[in-house]
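As recorded in TrEMBL:
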- D:3-109: domain 'Dihydroneopterin aldolase MtpD C-terminal' (DOMAIN)
- D:E11, D:M106: substrate binding site (BINDING)
There are 4 protein chains.
Amino acid sequence: MATTAEQACFEAGIKFGSLYHQFAGTPISPHSTRSLEQAMAESIENQPFCTSVTVEIDDEKVADAIDHTNGYTELTGSLMEVTMQIEYEDVVVTTRMEMENGYPLMKLESVTQ
Amino acid sequence: MATTAEQACFEAGIKFGSLYHQFAGTPISPHSTRSLEQAMAESIENQPFCTSVTVEIDDEKVADAIDHTNGYTELTGSLMEVTMQIEYEDVVVTTRMEMENGYPLMKLESVTQ
Amino acid sequence: MATTAEQACFEAGIKFGSLYHQFAGTPISPHSTRSLEQAMAESIENQPFCTSVTVEIDDEKVADAIDHTNGYTELTGSLMEVTMQIEYEDVVVTTRMEMENGYPLMKLESVTQ
Amino acid sequence: MATTAEQACFEAGIKFGSLYHQFAGTPISPHSTRSLEQAMAESIENQPFCTSVTVEIDDEKVADAIDHTNGYTELTGSLMEVTMQIEYEDVVVTTRMEMENGYPLMKLESVTQ
């Protein structure tokens, strides 16, 4: 059987994969970054055991990525930083998505009991 | 070749399909309806020729649809009404998504020159 | 009221937006291009008035786009060409997505009665 | 710091959330279940540490869920069963999604070293 901490880490991973694949591809410009950040955070906070989500989309990177034919770009991992806190029974897991070697990486930051 | 009005209707359809399939499946509860409505509207308004989008998610229907094991449900067409205005050259197209016979239907409301 | 041809073009747009935003972001490598092409085409062919969809994902472009830390990339418009045929009453619409000036563009190719 | 087993469970969760939120909402009918199963499995198997994915979409449940106005339904968790195997260093994690009390639940089945 899985330990409580292992179960908590599984739950944390589910939230990360959900957030990423639900919202990747969303049309975005500097005019719509704040509303998308808030909707992403509040939507994933609905999921069980998820106590806190922060999403920061980088307006400058969005502006640089814009397709000037269309006037917008699509959300990808390279345009945002995400942190999450999951609480499962007595275990707290914190996770972060950030760039590493040019690619977005989802990381376990801490698992504490 | 397509007429300007046909091209405008094609653009209107693209926006509708985009909005629906980008956001269907998003975790939702009555606590997160307002932020999701705003993010959906602002995101699709980034697309070319799309001058206005309104999204109204029905809090009561969301509350009724909630899975009481998980505490949330997933966004589907039956939980929202959407209107859009597309302007392509001198043609204005208005569209609406609403329930018909129990199913969400995307409709052209008007095409005016 | 919209003409039959305008309605057909609206339906064609819906299918394009649906295909793009349902599947953009899917993890892909040259090992999984054929199955994804088939699933995308068959899934959108389920939608009303959609008689034929072809999706061609470019294996070389996928291989070039691969993140060598992760071993895969995510599907975007620049990696594929799509054609569709919509039949609405007596109108046949053909559409195509292809690259133009470095960006994927969805186009009406023909509207015939 | 997280243990190897906790890290493996985090990776397993990511894959589950990714699969679910990438493909939920896909238009489906009994004609397209086999191609979607294959594309879902092969797409997620591209992700790191994911050695095996099986997806079984229930044709009878799909047929029962079909909207007879539109001729198709949208993929949700209640229409499929999913299993996955993740290998992270010397840890093997197996997971399963199945219905419990009428709702789809993602579960850790085993964590072995």
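Residue numbers in this text run from 1 along the chain shown.
The backbone N, Cα and C atoms fix where each Cβ goes, glycine too.
The shown structure was predicted, so the numbers you read here are calculated from the model rather than taken from an experiment.
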* To do: Measuring CB to CB from D:E11 (substrate binding site), give everything in the same chain under 8 Å that is also at least six residues away in sequence.
  => D:P48, D:F49, D:C50, D:I86, D:Y88, D:V93
* Asked: Do any residues at least six apart in sequence from D:M106 (substrate binding site), in the same chain, have a Cβ closer than 8 Å to its Cβ, and if so which, in order?
  -> D:G13, D:F16, D:Y20, D:T95, D:R96, D:M97
* To do: Pop the mean pLDDT for the domain 'Dihydroneopterin aldolase MtpD C-terminal' (D:3-109) in here, whole number is fine.
  => 95
* Coarse DSSP state, helix versus strand versus coil, of D:M106 (substrate binding site) -> strand
